[in-house]
Amino acid sequence: MRRLLTLILLLVALPAGAGLFDSRPGASLGGGLDGGGFLKVDQAFKPSVERSDAQHVLLRFVNAEGYYLYRHRFQFKVEPAQVSLGQVQLPAGKQHHDEYFGDTEVYYNIVDLEIPLNNPARQPYTLVVTYQGCADKGLCYPPETRRFDIDGGAATPAASDAAGKGPLEHKGKRSLLFFFLAGLTLTFTPCVLPMLPILSGVVLRGRPGGGRGFVLSLAYVLPMALCFALLGALMGMFGASLNLQAQLQSPWVLVPFAAFFALFAVAMFGFFELRLPGFIREPLDRLAGDARGGSILGAATLGVLSSLLVSPCVSAPLAASLLYISASGDAWGGGLQLFALGLGMGTPLVVFGAGGGALLPKSGAWMNGVRNAFGVLLLAVAVWLLERVVSGPVALMLWGMLAGGAGLALGALEFTPKSAARRLLQLLGLMFLTYAVAAWIGALQGESDPIHPLGRSVPSIHAGPPSTPGEWQNLTTPAQLDAALAEARQAGKPVLLDWYADWCISCKVIERQVLTDPTVQARLPAYRLLRFDITESNPAQRGLLDRYNLFGPPAILFFAPGGDEWSDLRVIGEIDAAGLAERLRRAATRQ
C-alpha cells in the first residue's frame, strides 16, 4: 500500500515537475498582473541591449515563466539610413504545435539575438525591434515595438532597463515549494530514513522529544540547508558566467544535459552508485565522528558535515538539481531553491527531534519505490529536454517509451495471483501501457502533443475574422465600436464584446470550442454580439486596449443595457464553455 501511495505521489509530482523544471525566469512573485492573472507586456518580455560594436548588436530577451515569443514575428530596422543591417540569423527555437496555425518555433526563458550591422563611423543610431508573444494560459499580446538608442556602439541606460528587478521577481513560490517537497521525498529513501534514528542519537544524545529536541534538531537542519543554499548559489553563479540559460536552446547543451539526467536515473534504479571520492568522503566522516552531540554548536557542525556527505540515494537527484540550477544562471534563485531542498530533507529530523520516532514511518521495502519513482521523474526531465531538439512525433514516441517502461515495471502484463495492493499497481501499469500505445500510434500519425497523443478533431477555419452569420458584428476601429455600443444602449440591449485577432491562438479556441457550445449558444440571442478585430494592431486599436485596461486578446466583456460594463464578469484569456455559460447566467439575473 505504501508503494501505491508513493506512485500516486509521483503522478501528482510529474505535471508539477514538467512545469517547474523550465529553465526560465518566473514572475509569480512580481507585480503587474491584471484581473486575469497576466503580466503587462513589458514585464512578460524584457528586451535589453547587452553588447554592441560597429559590426554587431547583442539583443537579449528575458521572458517570464509561462510566456513565449514567436520566432517568425521578429522584425528589425535601424535609423538613420547611414547605418545598415545585415542578414539576421535567428537561433532555433522550441517546436510549438498549434491545431490551427500548424508548427511554429517559439522562445522561452532567455534568448540572445545577434544582429549584424554596418556602422564603420560608429555614429549614434536607433535600433527598432518588433516582436510578439503569448502566454501559455491563453493570452496573446499585440505586436510590440521597442526602440533602443545606441551611442556609437554602447546602449544607453534607458535601453537596458529590462534586465530584471531582482531574484524574487524571477522565482515563483511554486519552484520553492517543489524543491521543498523534493527534499522531503528524498528523505524517504532506503539510505536516508534509516539514518534518522542514528543521527538523532548523536545530536540528541538518545533523548528525542520536547523543546530541547526541537531546538537541537533545528540547529542541525538549518546549517545543513544553508550549505545546500551556498552550493546552489555557487552553481547559479557558475551557470551565469557561462550564460548556460541562453545556450540551453542549443542541441550541444540540451543533449548532454538529457544524457546526464538519464545517467542519474539509472543510478536511482540501483545499477551503480554516485558518491564523493574516497579522499574527500573519508576525512569528512572522521570530522563527523569527532563532533560533539547534545549541544547547539555540535548539532550545527554535524549539519554542515551531513550536507557534504551526500549518500548514494541523494546524490543523483541532487546532482540533477545542480545541473538545473547551473542552467538557470540565477545565483539567488539557486540558493533559495537548494535551501528549500535542504529544509525539506531536514523536516523529518525536526519532527523526530520534537516528537520522537513514533511520528515517522518505518523503513522497509516500500522506500525502494520512492527511489524508483525519482528515477522515472529524472527520465521524464531528460525527455522534456530532448523535446527542444527532436521533432514532435519523436518526442511523443519517447514519452510513450517512458510510460510503457513504467507500466511494465508496475507489472501490467504479469497475470498471476496478487495481493489487492499489487492488483492496484497492475491496474496503474495498464493505464501507463495504454497511454504508451496511444502515444506510439499518435507519433506514427504525425501527432506531437503528449496531452492529446491521438490528436483532437478540430474544424477547419477560414482566413478572415470569425463570425456567426447574422449574429456577430465585426468591428475594426474605435469609432465603429463606440457607435455600436451607443446603438445597443439606445435599444436597451446588453452587449457581449469579443476581442479577436488572426494571430491569437486562444481566440480560435474560443470561437470553435466555446461559442459553439449548445449551452452558450442558447444564451447568446439575448445579447448584441460585437467582435472587435485587433489583428492590425494599429495605434488606434492599441489605444482602445488601454481604454479598457486590456493587454491583448482574447477577452470577452459584458455591458449592461444602460451601457455600463459588468467588470466582474469580464473574461481575460481562455475560458471553457461551462465558465462562459455561468457568466452568461449571472448576467441574465441582472437584466
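The backbone N, Cα and C atoms fix where each Cβ goes, and this holds for glycine too.
Over in Swiss-Prot, the protein carries these features:
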SIGNAL    1-18  signal peptide
TOPO_DOM  19-175  topological domain 'Periplasmic'
DISULFID  CYS134-CYS140  disulfide bond
TRANSMEM  176-196  transmembrane segment
DISULFID  CYS191-CYS313  disulfide bond
TOPO_DOM  197-213  topological domain 'Cytoplasmic'
TRANSMEM  214-234  transmembrane segment
TOPO_DOM  235-251  topological domain 'Periplasmic'
TRANSMEM  252-272  transmembrane segment
TOPO_DOM  273-295  topological domain 'Cytoplasmic'
TRANSMEM  296-316  transmembrane segment
TOPO_DOM  317-338  topological domain 'Periplasmic'
TRANSMEM  339-359  transmembrane segment
TOPO_DOM  360-365  topological domain 'Cytoplasmic'
TRANSMEM  366-386  transmembrane segment
TOPO_DOM  387-392  topological domain 'Periplasmic'
TRANSMEM  393-413  transmembrane segment
TOPO_DOM  414-423  topological domain 'Cytoplasmic'
TRANSMEM  424-444  transmembrane segment
TOPO_DOM  445-591  topological domain 'Periplasmic'
DOMAIN    452-589  domain 'Thioredoxin'
DISULFID  CYS504-CYS507  disulfide bond
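Annotation for the disulfide-bonded residues CYS140, CYS504, CYS507: lowest Cβ count within 10 Å of the residue's own Cβ, CYS140. Secondary structure at CYS504 (disulfide bond), as computed by DSSP, is coil. Between the alpha carbons (Cα) of CYS507 (disulfide bond) and CYS134 (disulfide bond) lies a span of roughly 12 Å. Non-local neighbourhood of CYS134 (disulfide bond): TYR67, TYR68, TYR70, CYS140, TYR141, CYS504, ILE505, SER506, each in the same chain, at least six residues away, with C-beta under 8 Å from its C-beta. Confidence across the topological domain 'Periplasmic' (445-591), taken as the mean pLDDT and rounded to a whole number, stands at 81. Sequence-distant contacts of the transmembrane segment (424-444) (same chain, at least 6 residues past either end, Cβ-Cβ under 8 Å): 3-4, 7, 393-394, 396-397, 399-401, 403-404, 406-414, 418, 450, 452-455. The DSSP breakdown of the topological domain 'Cytoplasmic' (414-423), given as helix, strand and coil counts, is 4 helix, 0 strand, 6 coil. Within the topological domain 'Periplasmic' (387-392), the DSSP-based counts of helix, strand and coil residues read 1 helix, 0 strand, 5 coil.
Taken through DSSP, the topological domain 'Periplasmic' (445-591) splits into 55 helix, 23 strand, 69 coil. Taken residue by residue with DSSP, CYS140 (disulfide bond) is part of a strand.
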